[in-house]
Structures are given as C-alpha cells and as structure tokens.
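Working notes, structure below.
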Amino acid sequence: MRTAIIAGNWKMNKTVKEAVELVKELKPLVKDAKCDVVVCPTYVCLPAVLEEVKGSNIKVGAQNMHFEESGAYTGEISPKMLEELGVHYVIIGHSERRQYFNETDETVNKKVKKAFEHNLIPIVCCGESLEQREGNVTEKVLEGQIKVDLKELSKEQVEKLVIAYEPIWAIGTGKTATDEQANETIGYIRTVVKSMYGEDVASKVRIQYGGSVKPGTIKAQMAKEEIDGALVGGASLKAEDFSAIVNF
C-alpha cells in the first residue's frame, strides 16, 4: 500500500515572516494527517521553516536545485547546501522551470541523480501542454519525458522518488483534468515506469496529481486508485485550504 503524499509548492510567495506564520498556523491543523505532508518554500525561507517544523509531522522541500555541487553558477543553489540545511524533498523539472528557464529532460535527469547522492527525495514533474493533449499525443510526450527523466537510476532510487503529473494546461488556469483523465494518465505513467524498472518498482512509486488542486476537488481525486497525492500550488498558501486538502 502506497502512503499518500501531499506537497505544497509555494512558488515565489511568502516572505520569511509570512512563511513562519503560515507553518505555525498549519501545524495543529495537519498533526493527525494520514498522509506525508510537505511544504516547499523559497530558498530564503528554508532555514526558518525548517526550524519551525521541528517536532511536527511536516517535512520540508526545496523548489529546485542545480546538478553541480558548487561552482560559477550565479544565483543557483546546490544539493549539498540543501542537504546540510536538513531539507528532505526537492521539486525537479516543474513546468515553470521548463517553460521559463529552458530546463530539459536531460537536465532533470542530472538533477535527480544528484539529489539522491545528497539524500534528497526528488519530486519529478512531468506533463503535457493543451496543444499536445488536444493533438492526442499525451502518452507519447509523457513516455518521452519519463524515459529520460528517470534513466540510469537504481530500482531502490526509483521506489523512493515521487512523480508529479501536472498537465501544463491545468496549472494556474483554473482548468483541471477530470478525475478519470488524471487517474488514467497516472496509470499510464506507471506502465512506463514498469517498462523501465519492472512491476514491483512501478507498484511502489508514488505519483501525485498537480494542476489547480483545491479543497473541493481532492476527495474525488484521492478516491482514484492510481493517484497517490497532490502537488498543490495556490491552495497551499492558506493554512485552511492546504489543511483541508491534507485531511482529505
């Protein structure tokens, strides 16, 4: 049985003070959660948020990282730095990174490998555009992404990582994939993992849905057999909304 995982991606929101206030408010609301709870603040908020979640069931993730340990990469953060801080998870290959920062599947794969070297659990994002969905090439696109994103990993690593299926057309648009669409597509992603690493590994990989997840949509989504959680954007910025999702 896979343990559900709900992660909040705060994106470029919340000052340090606001981040601490949000986590303070969140802690009592999610203390009895039956799923893994993760918050992913901005880099500058990580130390304060890590301090605030001590003793609670909330884990902390970063929103990105570089694949090198150090070097002349102005503005970047290395996995070594995240590991030293005590970060547990790291989002890799979010559609906004792919869209605005030209991140490729090859880059994603380098980051995934490096994350494991530093005891970080990657939340690997994949998804198709509206054009690709309407052109009936969703499966082809996702297979292409997964086969590169997850190449040359050990079975143990693949079992540990989290995949987030986020249809790009449903991010921040208010549009969502139907529960059936999400379940079917996540099931397909699992078959791609199976073709690479076998049935046993594929059955253990946790695959989230991401794309305008709200308190009103989560229950039906989580009732689907293939969906193991959610990567939540805007709704993770309010303790009331995020806790309602976590306590689905």
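Even glycines carry a Cβ here, placed using N, Cα and C.
What Swiss-Prot lists as substrate binding site is Asn9, Trp10, Lys11, Gly172, Ser212, Gly233, Gly234, and the listing cites sequence analysis.
Look at Swiss-Prot and you will find His94 tagged as active site, electrophile, backed by sequence analysis. Long-range neighbours of His94 (active site, electrophile) (same chain, six or more residues apart, CB within less than 8 Å of its CB): Asn9, Gln63, Asn64, Cys125, Glu166. Secondary structure from DSSP puts His94 (active site, electrophile) in coil.
If you look up Swiss-Prot, you'll see Glu166 marked as active site, proton acceptor. According to DSSP, Glu166 (active site, proton acceptor) is assigned to coil rather than to any helix or strand. Its own atom aside, the Cβ of Glu166 (active site, proton acceptor) has 27 Cβ atoms within 10 angstroms in the protein chains shown.
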Are there any residues in the same chain, six or more apart in sequence, whose C-beta is under 8 angstroms from the C-beta of Lys11 (substrate binding site), and if so which? Gln63, Glu96, Gly233
Winner by Cβ contact number (other Cβ atoms within 10 Å) across the binding-site residues Asn9, Ser212: Asn9
What is the number of other Cβ atoms found within 10 Å of the Cβ of Gly233 (substrate binding site)? 21
